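Database features (TrEMBL):
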| type | residues | note |
| --- | --- | --- |
| ACT_SITE | A:199 | active site, nucleophile |
| BINDING | A:166, A:188, A:199, A:279, A:399, A:404 | substrate binding site |
């Protein structure tokens with residue numbers, strides 16, 4: 001039985017999952033039940049940056065069919081400045097044409113009027129069913145209510161995290177405190193996680209005094225190693241957005257590397273919470289490829305295995321089926337010699353040099369939700385980890401019954 | 001309601017699914033229960049070419065983790081000459097190292113000795129669980145029995161088609177007769193169909209008098225438009241093999257285009273039979289992308305939709321979810337304008353210019369096993385069709401319970 005260190009890209013930083021976007025100073029959050037969702041649960045959230053600075057960085061879906069709020073928000077954050085993020089569940093406002101873009105624009109205007117800021121400083125995020133226009137009468141009534149709900153305490157942050165849920169079963173928050181400055185965040189998304197994000201909305205906040213460029217560098221690094229390597233079902237959404245707001249309220253300018261590590265730690269925690277809550281999954285799977293020629297090849301191998309439906313169903317059946325791992329690895333262009341591949345599942349080398357490993361050591365996948373797969377390409381010294389889930393009856397059930 | 005012509009790449013040629021590899025003259029086939037399968041069903045098949053010619057063409061998996069029989073057969077068919085194909089179910093002989101290659105070689109020797117031909121003229125195919133050595137005592141006993149069973153009638157061809165089944169529920173055969181010459185074939189494979197083939201074994205025979213080069217041209221064309229566009233779950237096997245044997249026994253040299261069309265017609269029929277029998281599927285889905293800039297872009301778009309688990313579960317739920325189609329299309333590099341995309345499902349334009357189409361026309365997917373999806377990119381004049389299945393509870397069940 002071999003053991004490997006944690007694949008947490010942020011190392012050993014300790015994250016608090018009990019606090020979110022209001023953990024840093026300078027931020028207020030709120031939520032309300034506007035009426036977008038038939039279920040009658042909260043469906044409108046707002047996060048506002050009270051300054052003194054209003055820096056912003058953002059990463060959006062690379063899906064070329066992008067939703068109206070993504071198109072709006074890309075334009076508003078291009079100048080590195082934003083003061084609020086408004087998010088609704090109960091409707092994606094995607095594939096809705098000019099009327100949909102107008103709805104996103106009007107939403108930003110309503111928030112701007114209520115907060116006394118410009119519409120161009122309001123980021124808009126939506127999640128829910130594609131192809132349906134947002135009911136703007138609901139939005140008109142909802143925005144004053146969510147503005148009235150704004151507060152700077154933990155309960156307000158938690159309420160916002162709750163209001164953005166769709167098929168999520170739990171709200172996702174994380175925060176990290178260091179030397180007088182803090183990074184906080186909330187996320188929604190379950191099931192449609194994918195490459196380049198995926199029906200995932202994430203709002204991050206910090207009171208560190210960073211320029212929008214420094215925020216963007218830190219965010220790009222963090223997203224690359226966390227959300228972009230979280231691949232539940234290989235599908236990419238039209239609405240994915242990750243926004244990082246900087247208030248500068250701590251008055252502290254942290255070291256850029258330390259700040260980047262903090263953002264990565266919060267993103268890693270949120271990404272792990274997303275995987276754990278993915279639709280219908282019974283196993284969380286961590287696939288690490290080591291000794292690849294390049295990091296890109298390592299990531300490609302891990303991701304290809306993560307997307308193999310045959311592998312994912314085997315794990316659901318608690319079958320440590322290394323043949324399906326090798327079969328997936330063989331479809332990549334990564335450098336390796338098929339006769340030298342090793343595969344280790346939950347610490348047991350089930351495949352050694354492309355053949356069966358030590359069959360005397362059993363691998364009991366039923367005992368634990370977590371499954372770790374380590375693929376040794378023996379072709380270099382680069383590595384990469386991708387996180388995914390097993391493919392289960394409940395995944396099929398939720399995604400065949402829930403229109404999204 | 002718009003209608004579109006059939007996407008059969010062979011046009012309107014009429015194929016007989018009641019006869020297979022023994023339909024052309026010059027071929028004998030046989031099957032036996034050697035004992036590879038615990039189930040006690042037939043598991044060893046042999047197809048022999050009695051000449052006068054012994055031309056061969058073949059296409060193999062592009063998976064870089066290829067099984068020992070694939071490595072053996074690639075070498076034997078490189079000279080364009082082969083006289084027999086031996087196929088076992090109950091064991092893939094993949095990831096079995098030098099001992100596995102020796103087993104494939106020994107299998108060819110045993111067949112060669114029994115038929116009085118060289119081992120180098122014997123193609124070997126295996127299917128079943130990866131990572132387990134073939135029991136060669138079973139092979140030693142089985143080969144004399146399968147040679148004794150050889151006959152040139154329809155029943156012998158059908159028995160061979162039966163013996164190569166694994167999770168298949170029905171044997172797959174097809175033949176096409178034209179002007180004194182015939183193409184016949186059999187196939188196995190269910191579930192793991194994929195790009196570049198996939199746990200699929202296909203033996204084709206013809207009595208047309210064609211050189212091995214002409215056979216290869218026809219086979220490459222046919223495979224490209226049929227098996228390579230049949231993508232059940234995106235997974236590619238280590239063992240896929242398509243072999244075409246030419247006896248020349250008709251004494252007729254057909255026109256190369258007519259011959260190519262005939263091979264394509266037989267391959268299309270076998271590919272459709274594979275899709276219809278795919279593990280646990282409840283819908284066969286035909287995805288055609290039209291007006292693409294290039295055929296490659298059209299194929300890429302169709303294949304990307306075919307691999308979207310969200311789309312495939314929606315179809316299982318009888319939900320004509322065009323948002324999931326657009327979301328998948330948006331992840332490709334094909335040329336298109338998101339605001340001009342049309343999607344037609346079962347003849348109803350559900351999405352027009354990137355927005356909802358005519359919602360008054362219902363699409364009832366529950367009524368029929370077949371689902372047709374037409375995506376209009378409005379970017380050129382190329383098109384391509386990919387066939388797949390829905391993602392169902394039974395797929396998860398079969399692939400989590402059956403080790404392969």
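Heads up, the Cβ atoms here are built off N, Cα and C, so glycines get one too.
Any TrEMBL annotation is an automated prediction that lacks curation.
Quantities reported herein were computed from a predicted structural model and do not represent experimental measurements.
On the structure: features taken from TrEMBL.
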residue	record	DSSP (3 states)
A:166	substrate binding site	coil
A:188	substrate binding site	strand
A:199	active site, nucleophile	coil
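For residue A:188 (substrate binding site), the count of additional Cβ atoms within 10 Å of its Cβ stands at 27 [all protein chains shown]. Looking at residue A:188 (substrate binding site) and the residue listed as 'active site, nucleophile', their Cα atoms lie 8 Å from each other.
Of all the recorded positions listed here (A:166, A:199), the one with the fewest other CB atoms within 10 A of its own CB is A:166. A distance of 10 Å separates the Cα atom of residue A:166 (substrate binding site) from that of residue A:199 (active site, nucleophile).
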